[in-house]
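S.K.: These came from TrEMBL, pasted as-is:
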- 62-67: disulfide bond (DISULFID)
- 158, 160, 171, 219, 222, 254: FAD binding site (BINDING)
- 361-364: disulfide bond (DISULFID)
- 361: active site, nucleophile (ACT_SITE)
- 364: active site (ACT_SITE)
């Protein structure tokens, strides 16, 4: 059986096939989203890499120099991004921020003129808390002095050498403690798993759709990260100069059907499933960005207009896809039970986003936080249909908001998935043929476009 045969056909839990995804991505989406991710609005990401791990004692940060993240100097940040608040997109919205803050303070003062500044700040924090109740991720506080802007193009996702017990504990906690399963059922290839026990996939197939979807999303996220690491791997370092490139041995170890006891194809199919979820989110969030109040403001009027036009063009393309995942099949049935399951789903994923603060390598932490926030934003969109449909045309919405950080994370996450699905299936399909030169060329494409 060739590997290409293993990566064809209809995906589980949806009516879409891999070939349709490949064609749609290659000819419709990828060329445009590649241009978009280079624009200033999507290039700079504000992140706090100093938040302590909330679950276990900090292992200390990786001492490998390639784990380091170089923050972006304030002088390099476009004025519109630097001056804007978390959910202000247009020039007018940014200019009105000071007036809004003043009005909000006046309203608080009208309620009780004896309120201290600390109490007023608490009211504002409570409002932010209310806004966060639909979040699937633990968002960094952009007001924190530890939050810094990072140029994503200068800090690409790649393998840095971070591994061992610290890295293992992160993924083990994600799978064993946050995916929906009893502790007696272990994920495949877990070295801590007993030699006997219930078959994982027999058990997984017996779960409800929502819990199967959760596992597939985490598995797809893991596959995405691993593919980037294989494509941009620290091969050696001579005289202080690192050499990065594709690592075929590592690719084989993580995805070859024999090496992984059949897990490789499953992982990669879950990556396609993750692609479908993000593609669906892009098609549903279009009305939010079609409003005149959203300008993707950086201060460069010409580029801002081009960025929004290109973004809307991508949204139109995503709407034309005929095999979208049907999110309405999830959390259906008994309303009380569905609501409870949806909240459990949200909190489990939010917990995973908190685990990203336990990653010991700063560069791995940066991209782990960005990838989980991007997927969390996609999930937030999928399950906010009514709020998006009721958005006011010319004013900010109180029912549904996206921060700039969520927008950047979603777009970057989608770009990562779209480039991976564009290239890896070709590489994986020809892997059965001993053509290492061609496989190396495929990996070089991933490396080049992701830097």
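Heads up, the Cβ atoms here are built off N, Cα and C, so glycines get one too.
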S.K.: I'd like the Cβ neighbour count for residue 364 (disulfide bond), meaning other Cβ atoms within 10 Å of its Cβ, all protein chains included.
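M.R.: Neighbour count, Cβ to Cβ under the 10 Å cut-off: 25.
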S.K.: Considering only the recorded positions 160, 222, 361, 364, which fall within 10 Å of residue 67 (disulfide bond) when distances are taken between Cα atoms?
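M.R.: 160, 361, 364, listed in sequence order.
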S.K.: Using Cα coordinates, what distance in whole Å links residue 219 (FAD binding site) and residue 361 (disulfide bond)?
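M.R.: Given the Cα positions, residue 219 (FAD binding site) is 21 Å from residue 361 (disulfide bond).
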S.K.: Of the binding-site residues 158, 160, 171, 222, 254, which one sits closest to residue 361 (disulfide bond) when you measure Cα to Cα?
M.R.: 160
S.K.: Enumerate same-chain residues with a sequence separation of six or more from residue 171 (FAD binding site) and a Cβ-Cβ distance below 8 A; give 'none' if the list is empty.
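M.R.: Set apart from residue 171 (FAD binding site) by at least 6 residues yet with Cβ under 8 Å, we have 222.
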S.K.: Within a 10 Å radius of its Cβ, which of these binding-site residues (158, 222) has the fewest neighbouring Cβ atoms?
M.R.: 222
S.K.: Starting from each candidate's C-beta and looking 10 angstroms out, tell me which of the disulfide-bonded residues 67, 361 has the most other C-beta atoms.
M.R.: 361
S.K.: Tell me which residues of the chain lie with their Cβ under 8 angstroms from that of residue 254 (FAD binding site), as long as they are six or more apart in sequence?
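M.R.: Expected: 226, 230, 260, 264, 267.
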S.K.: Round to the nearest Å and give the CA-to-CA distance linking residue 364 (disulfide bond) with residue 158 (FAD binding site).
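M.R.: Distance (Cα to Cα, whole Å): 8 Å.
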